[in-house]
Amino acid sequence: MNEQLVANTFLYLTNAIVFGVLAFLLWQFYRGFGSQHVKYWQFSLQALTTSQLTMTVKAFTALSSPTSVVQVVLEGIYQSSYFVFVSLFLIGLYIAQTQKPLARRYVVAIAGASFATAWLFTLVYAFADGHVYDRFFMRETLPEFLFGLAYMGMAFFSYRTAPVHVSSRIMQVSFVIYGLRFFVFSMLSTFMVAEVWFSQVIRFFAFFDIGSHAVIGFSMLIWMQGAERSAANSAKNKAQYLGRHDSLTGSLNREQVLEKMPELMRNASKHNKQLSIFLLDIKRFKFINDTYGLKTGDYILGEIARRLRDSLFQPQIVGRLSGDSFVYVFEFEHRQQISRALNHLHELIARPYQYDGQDIMLQCSVGYSFYPEHGDSAETLLQLSNLALFHAESRNEASKQYSDDMQVQGRHLLAVEKAIKLAMERDEFELYFQPQLNLLTNKLEGVEALIRWNHPDDGLLTPNQFLPDVDALALNSALDNYVLDKACRAIARWHQAYRRWVTVAVNITAVEFQDPKLVPSIQALLLRYDVPPNYLELEITENVVMTDLQSAMDTIVELQTMGIKVSIDDFGTGYSSLAYLRKLPIDKIKIDRSFINEMAENDSDLTIVKSMVRLSHGLGKRVLAEGVETQTQLDILRTLDCDAVQGYFISKPISEADLVKYFKR
Ligand code: C2E
Ligand code: CA
Ligand code: CA
C-alpha cells in the first residue's frame with residue numbers, strides 16, 4: 001500500500017513536470033508569435049500542470065479522510081484546474097482551426113463557467129460521509145462523460161473544417177480516442193465502481209492519460225512549428241509581393257506589368273480575343289498633394305487602385321506606372337465593350353473620395369491601344385497608350401484611342417522637347433514688347449511682354465509656332481517662369497538706364513496660375529531684382545478663373561495684397577461672365593481683338609463692346625481694347641469711354657532695342 005502511494009505520487013509528479021515544461025515551451029512560442037490560441041494553450045497547460053501537482057499532493061495524502069476539509073479543497077483545486085484545462089485547450093484549438101480571434105469576454109465566461117461547475121461538482125456530496133458512490137459519480141463519472149462529449153465534439157468540428165497542419169490530423173485522431181476513453185471510463189465507473197479490480201482500471205487510465213496528454217502536448221508543439229514555418233513563408237511572400245507590387249497601392253509595378261503581359265497576349269490570341277490597354281492619368285493630382293497633404297494623396301491613390309481592381313470589368317491587370325498614372329488591361333471580344341468600359345472607368349474615378357470628412361472629386365484622362373491591332377509587345381502597347389493619353393490630355397478630352405498619325409506627332413514632340421529645353425538653356429527666347437496706350441492721358445500705360453524664339457535654323461518664331469508644343473509637353477510652367485524672370489530683369493534694367501518705371505504685363509498659363517509656388521516665386525523675383533510689385537502685371541484668361549474659382553480667387557487676392565496687378569485677357573472668348581468677375585479683385589479687362597476687329601462694320605459687335613465697357617466700369621474695373629488696327633476703331637473706343645488700347649495701330653510688338661528708342665523720345 002505504501003509502495004502504491006509512492007508510485008502514484010511519482011506518477012503525478014512526473015506528469016506535472018512534463019506539462020510544466022510544455023507550458024514553458026509554449027510560453028516561449030507565445031512570446032515569439034503572440035497568437036491568441038498559443039496564449040490559451042499555454043494557460044491550459046498551466047492549468048493541467050496545476051491539476052497534476054494537486055494530484056501529486058492528493059496521492060501523497062491519500063490515506064486521510066476524503067471528507068476532510070483539506071481533501072475537499074485539494075479535490076476542488078484539482079477538478080477546477082482540470083476543467084479549466086479542457087475548456088481553454090478546446091478554445092485554443094477552436095481559434096487555431098478557424099483562425100479567427102475570439103473576444104476575451106467569451107473566453108473568460110467559458111473558463112469561469114467550467115471553474116464554477118468543477119467546484120459545484122466537488123462540493124455537492126463533499127461532506128456527506130455515507131455518499132461514496134454519489135461523490136464518485138459527481139467527481140468522476142459525470143465530468144468524464146462531459147469531457148468525452150467535448151472531445152468528440154471537437155474531433156467532429158475539426159474534421160468538418162479544413163486541416164490547418166499535419167498536427168491537426170493527429171489531434172483529430174487523438175480526440176476520438178480520447179473522447180472514447182472518457183465515455184468508456186464513465187460507463188465503467190457507473191456499473192463497476194464497486195468491483196475490486198476497479199482500482200486497477202483507474203491506474204490503467206491514469207497511465208493512459210499520461211500518454212494521451214503527452215500526445216496532445218506534442219501535437220501542440222508540432223502545430224506551433226508549422227505555424228512558425230507558415231508565418232516565415234508568408235513574411236517571405238510578403239517581401240516578394242512588395243518587391244513586385246507597388247507598396248502604396250498593392251497594384252503591379254511597371255516591371256511586373258511588362259512581365260505579365262506576354263502571357264495575357266498569348267491567352268487572348270488563343271481564344272480569339274483582344275486586349276485593351278487603358279492608361280489612366282489622374283488630372284491635377286499634384287494639387288491634391290499640395291492642398292490636402294501627402295497622406296490624403298496616398299490614401300486616394302490606394303483607393304483608386306482598389307476601385308480599379310474591384311471593378312465590374314474584371315481587369316486582367318491593374319498596375320501603377322508612376323505617381324498618378326495607372327494601367328488597366330482587359331480582355332474583350334467586341335468593340336462596343338470598349339466604350340462601356342471607358343464610361344465605367346470615368347465613373348469609378350469620379351465617385352467622390354471621402355477623407356477626413358471631406359469629399360474630394362477627381363477626374364482622369366484615358367489613352368488606350370489594342371492588342372493585337374496596334375502592336376504585339378507589351379512595351380510598345382504601353383507606349384502607344386501613353387501617346388494616346390498625351391493627346392487626350394493636351395486636347396482636354398476624356399479619352400483617346402491610339403491612331404497611327406499620333407506617332408508622327410509623337411516623334412515631332414520628342415525632337416521639339418529637346419530643342420525647347422536647349423533653347424531655354426541657351427537663352428534663345430526673346431521678349432518683344434507691345435505698348436499699351438492710356439486714352440485718358442495719351443501716355444504709355446505699360447507694355448505687354450510677348451515671347452519670340454530666335455531659332456538657330458528657322459529664324460524668329462512667333463508664339464503660335466511653338467506654344468502649342470510647349471503646352472503639349474507640359475513645359476508651360478517652366479516657360480512662364482522663364483518669361484517672368486526676363487520681364488522683371490527688363491523692368492529693373494530700364495529703371496536703371498532711364499530712371500523710369502515701366503509696367504510690364506506677362507501672360508500666365510492656367511497650369512502655372514494654379515501652382516501654389518507661383519506667388520512665392522514672384523515674390524522672390526521682385527526682391528532679387530529690386531522691382532516694386534505694382535510694375536508687374538499678370539494676364540490670365542477667363543478659363544483659368546473658371547476652372548477653379550475659389551483657388552483662383554485666393555491667388556488673385558494674394559497677388560493683389562502684394563501689390564501685383566491682374567488682368568483678364570481675351571475677354572469675351574471664354575465661358576465666364578462678368579457676374580463672376582465681379583467677385584474677383586482684378587484690375588483690368590482686356591476685350592478680345594475679335595470684337596474690336598468687326599466693331600466698325602458690325603452693329604452687334606459694337607453693341608457688345610459698348611456693354612462690356614459699361615458693365616466693366618460698373619464693376620469698377622478698367623477696360624483695355626486689344627487689336628486696335630485703325631483710326632476708326634480708336635475713335636469709336638474713345639467715344640465708348642474705353643480706358644486703354646493696344647494694337648498694331650499704336651505699335652506692333654517691338655524688340656527691346658526699338659522700345660528703348662521710344663523711351664528716349
Ligand atoms: P495675346 O496675349 O492675346 O497677345 C496678343 C497677341 O495679339 C500678340 O500675338 C500680338 O502680336 C497680337 N496683336 C497685337 N495687336 C494686334 C493687332 O492689332 N492685330 C492683330 N491681328 N494682332 C495683334 P503674339 O505675340 O503672336 O502672341 C500670341 C499669343 O501667344 C498671345 O496672345 C499669348 O496668349 C501667347 N503668348 C505670347 N507671349 C507669351 C508668353 O510670354 N507667355 C505665355 N504664356 N504666352 C504668351
Ligand atoms: Ca496677353
Ligand atoms: Ca489677348
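Each residue, glycine too, has its Cβ placed from N, Cα and C.
Taken from TrEMBL, the feature transmembrane segment covers 12-30 (among others).
The transmembrane segment feature in TrEMBL is assigned to 76-95 (among others).
Under the heading transmembrane segment, TrEMBL lists 107-125 (among others). Distant neighbours of the transmembrane segment (107-125): 40, 72, 75-76, 79-80, 82-84, 86-88, 91, 131, 134-135, 138-139, 142-143; these residues of the same chain sit at least 6 beyond its ends, with a Cβ under 8 Å from one of its Cβ atoms.
Per TrEMBL, the feature transmembrane segment maps to 145-163 (among others).
Residues annotated as transmembrane segment in TrEMBL: 175-198 (among others).
Annotated domain 'GGDEF' per TrEMBL: 273-405, in sequence order.
Mean pLDDT of the predicted structure over the domain 'EAL' (413-665): 92. Feature annotation from TrEMBL assigns domain 'EAL' to 413-665.
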Which sequence-distant residues neighbour the transmembrane segment (12-30)? Criterion: at least 6 residues beyond either end, Cβ under 8 Å. 38-39, 41-42, 45-46, 48-49, 52-53, 55-56, 58-59, 209-210, 213-214, 217, 220-221, 224, 228
For the domain 'GGDEF' (273-405), the DSSP residue counts stand at 58 helix, 40 strand, 35 coil
Taking residues 6+ outside the transmembrane segment (175-198), which of them lie with a CB under 8 Å of any CB in it? 133, 136-137, 140-142, 144-145, 147-152, 154-155, 158, 205, 208, 212, 216
